[in-house]
Amino acid sequence: MKISLPAQSPMLSKDFIYGVATASFQIEGSADTRLPSIWDTFCATPGKIRDNSDGKQACEHVKLWQQDVDLIESLGVDAYRLSISWPRVMHKDGSLNQQGVNFYIQLLDALIAKGIKPFVTLYHWDLPQHIEDDGGWLNRETAYLFEDYAKKIVQALGDRVYSYATFNEPFCSAFLGYEVGIHAPGKAKVSYGRQAAHHILLAHGLAMQALQQYSPNSLNGIVLNFTPCYANANNAEDRNAAELADQYHNQWYIKPLFDKCYPDIIDKLADDEKPQVEAGDFDIIAQPIDFLGINFYTRAVYTTSENEFFQQVDMVDAPKTDIGWEIYPQAFTDLLTSLNEKYSLPPIFITENGAAMADKLENNQVSDIDRIEYYHSHLNAVNNAISSGVTVAGYFAWSLMDNFEWAEGYLKRFGIVYVDYQTQQRTVKASGLAYRDLINARS
Ligand code: GBH
């Protein structure tokens, strides 16, 4: 079983960037050498993480980073997407923590020495807890603290970074963290979710200005996740439900970046559910971006509901990954072509795509054939979008290695490298080898 693309695909050119991705809290460990984040607090709250685990050790990447860089190199990738832990690089008083900064400097230097392009995300969900204590993303001030963090870290890292993303998936931080509460900080109110989203988008715009000023030579942008919405029955009611779900979960985070407003569904919210927007906010939010990062995993299907705008339908008989997400690669093509029609987009990077599978380590091997199939079908879905005119410049597999999967703890494995958490032994899975072979097969 291998991953292949049509012979003429632009994704088989050496200019197309292939990478692997991780995030700080999910792999770093060494929690005692940084400030606490909202995820430390959330993990310590009973009932929030399925296996009651936490990120104190995770993949011990802070200790094992050199062997992890060798591992990344062995996969033959062009790029590595990592995130910086805000609570590792900043003290409470807002000054840089040089010890934490040095960790990233040595990591970036090691990547660069091997010719691997660093793609750095400034925020992959690990807000310092002391900022949450002052209101977190519900407090407008947090956007300005983020701008300050961005300015300082970007200047400290100098010209080492190929690409910066301000945020990873504002949807997850705002909706999962503040509206339904299944992610940190575990708050649950519609108005909270909408307000957090607005402050995160504002923070993105403020940080974009800083990035373009202090790091004009890197590709600067943002990473959004999309779960394309489909109608359950092909009738007007279900199509409308899917349209509203799309506006609420997907377009809410991209439309302000290009059109300087929220989608129409905002008019259906009660006044006390709408975010407070100040004059000039949309001008800040809609800073030009050099690239758009897109994370795709699955689609969602909707029907009408009596008391909600829409209701998700479980596709009972559909193929699913080990985390229960439907495998539906056509949605990836549909997503890319429809975004390309709606907005005048900069080049796209697929910053995450991958699958959780029930992996077994046997005789030092993991034959994750179903994951290879997932990558094969989804890379071909991207290729189909490129064929119909969408500009995609690169693709990152989520994830380099198994890691702390948020509310699922260590129960779900997304890696193309297997991690034995007892020994911290890494083993490249069959999917990792297949990905390497695809990358090496380019001309
Ligand atoms: C990403 O989030 C994260 O960036 C990354 O840290 C994480 O490890 C990885 O994905 C895997 O989870 O309920 O069936 O409608 C992705 C978050 C996943 C949120 C799909 C919406 C919809 C699934 N998105 N999910 S469903």
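Every residue, even glycine, has its Cβ placed from backbone N, Cα and C.
Keep in mind that this is a model prediction, so the values were computed, not measured.
Annotated features in TrEMBL:
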type	residues	note
ACT_SITE	E169	active site, proton donor
ACT_SITE	E352	active site, nucleophile
BINDING	Q26, H124, N168, Y297, W398, E405, W406	substrate binding site
Do you know offhand how many angstrom separate Y297 (substrate binding site) and E352 (active site, nucleophile) by C-alpha?
8
Can you tell me the three-state DSSP label for E169 (active site, proton donor)?
coil
By Cα-Cα distance, the member of recorded positions Q26, H124, E352, E405 nearest the residue listed as 'active site, proton donor':
H124
Cα distance (Å, whole number) from the residue listed as 'active site, nucleophile' to W406 (substrate binding site):
16
Could you say whether, by DSSP, W398 (substrate binding site) belongs to a helix, a strand or a coil region?
strand
Sort W406 (substrate binding site) into helix, strand or coil using the DSSP assignment.
helix
Going along the chain, which residues six or more apart from N168 (substrate binding site) have their CB under 8 A from its CB?
A23, S83, T121, Y123, H124, W125, V223, G293, N295, T351
Cα distance, E405 (substrate binding site) to the residue listed as 'active site, nucleophile', nearest Å?
14
For the recorded substrate site formed by Q26, H124, N168, Y297, W398, E405, W406, which further same-chain residues have Cβ atoms within 8 Å of the site's Cβ center?
A23, E352, S399, N403, F414
Taking Q26, H124, N168, Y297, W398, E405, W406 as the record's substrate-binding set, what's the max Cα pairwise distance in Å, rounded to a whole number?
18
